[in-house]
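Copied over from Swiss-Prot, here are the features:
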type     : residues                                                                     : note
ACT_SITE : Asp13                                                                        : active site, proton acceptor
BINDING  : Asp13, His20, Asp54, Gln96                                                   : Mg(2+) 1 binding site
BINDING  : His20, Lys134, Arg266, Asp287                                                : dihydroxyacetone phosphate binding site
BINDING  : His20, Tyr92, Gly105, Asn106, Lys134, Gln242, Ser243, Arg266, Asp287, Tyr348 : beta-D-fructose 1,6-bisphosphate binding site
BINDING  : Asp54, Asp55, Asp133, Asp234                                                 : Mg(2+) 2 binding site
ACT_SITE : Tyr229                                                                       : active site, proton donor/acceptor
ACT_SITE : Lys232                                                                       : active site, schiff-base intermediate with DHAP
BINDING  : Lys232, Asp233, Asp234                                                       : Mg(2+) 3 binding site
BINDING  : Asp233                                                                       : Mg(2+) 4 binding site
Amino acid sequence: MAQKTTISVIKADIGSLAGHHTVHPDCMAAASRVLAEAKKNGVINDFYVTHVGDDLILIMTHTKGVDHPDVHGLAWEAFKKAAEVAKELGLYAAGQDLLSDAFSGNVRGLGPAAAEMEIEERPSEPIVIFAADKTEPGAFNLPLYKIFADPFNTAGLVIDPRLHDGFVFEVVDVFEDKGVHLNTPEELYDLLALIGTPSRYVIRRVFRKDGKIAAVVSVERLNLIAGKYVGKDDPVMIVRAQSGFPAVGEVLEPFTFPHLVAGWMRGSHNGPLMPVPVRDARPTRFDGPPRVIALGFQVKNAKLVGPSDLFDDPAFDEARRTANKVADYIRRHGPFMPHRLDPSEMEYTTLPQVLERLKDRFKPVKDLPVPKVKHSEMLSGAEEAHD
């Protein structure tokens, strides 16, 4: 049996230059040095370091399988070194996603987000790695549905015999830590009934009907781990493409629609997901709008060839213009829904504190008195004074 290759994409917010919008080059260099030493020592086969917004992203290939403590420990060490540099430079929110001081064999539950898949390499193994900033794991629900279940997006579902049987979606309830497998197209409506609530039901993995993995998403929610708001979850995703999977163009097509996602400023607002090249993955306006990058690689003998910055293409200019128009429109709502998230998503903001402070002032509607407000005497002196 051929040796399997593991692709691990692990990200963390370790501190940003001037607010929450980018990773300092020295932090990326610190992480790269850690990974280069690990590659030299045979812990990993290859790596690439990048960022989206203020999230440092480690892309690694190896042959150790998913959730391997050596690989996760390596990522943890790289993040710690980068965070040390961030603290030396006085960067904002240095080490924000590192919720523990001690590594326990796996980064899951400690703050960083991880998407990993173990595969038998095809003769040509193209993959696309997505990373988003200022949003949550459920932001990939709509694109994944379109990639793997919508024939209006993916022509291969109709005309490619290898895709025609459909795919299996693994959906996770992130509140209850439970999951379910749903077959498409047979259970398409059941799938949509769940994933239309992306704050709770998140697509974690997609499989072909023969069991081969097609896509994987990080599903960690930092507020559920930390018990308070510590930043949005900023997911990463790996998607296999071509030769039995959707074509690269079909994988990218959903991002021509900058759909609304939760996150943006203080993780408490809906906004359009803007597809951008890495050089523009620096959200500034109202700490946004939310951004997503896409890097294309070939994987050969557990080594990375690439990347190609796939959203660095004028074909996505219109999506970016639309995202800016939507951002203009929805920002006009200020603190009102639907721009601001609903109360269930405001649990880790000031809303619970406000409600606690006002709880004794809430009364049954029928018992609410008419308020008496003292007015200043009008300058004209013509109006009557009020109590």
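Our numbering is plain: 1 for the first residue shown, then up by one each step along the chain.
Note that Cβ sites are derived from N, Cα and C of the backbone, with glycine treated the same way.
Features as recorded by Swiss-Prot, highlighted on the structure.
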residue : record                                        : Cβ contacts under 8 Å, 6 or more apart
His20   : Mg(2+) 1 binding site                         : Gly53, Asp54, Tyr92, Ala93, Lys134, Pro283, Asp287
Asp133  : Mg(2+) 2 binding site                         : Val52, Gly53, Asp54, Asp55, Asp234, Ala281, Pro283, Pro290, Arg291, Val292
Ser243  : beta-D-fructose 1,6-bisphosphate binding site : Arg122, Ser124, Arg162
Let me check the 10 A CB neighbour count of Asp55 (Mg(2+) 2 binding site). How many other CB atoms are there? 31
Going by a 10 angstroms cut-off between Cβ atoms, which of the binding-site residues Lys134, Arg266 has the sparsest surroundings? Arg266
Indicate whether Arg266 (dihydroxyacetone phosphate binding site) is helix, strand or coil by DSSP. helix
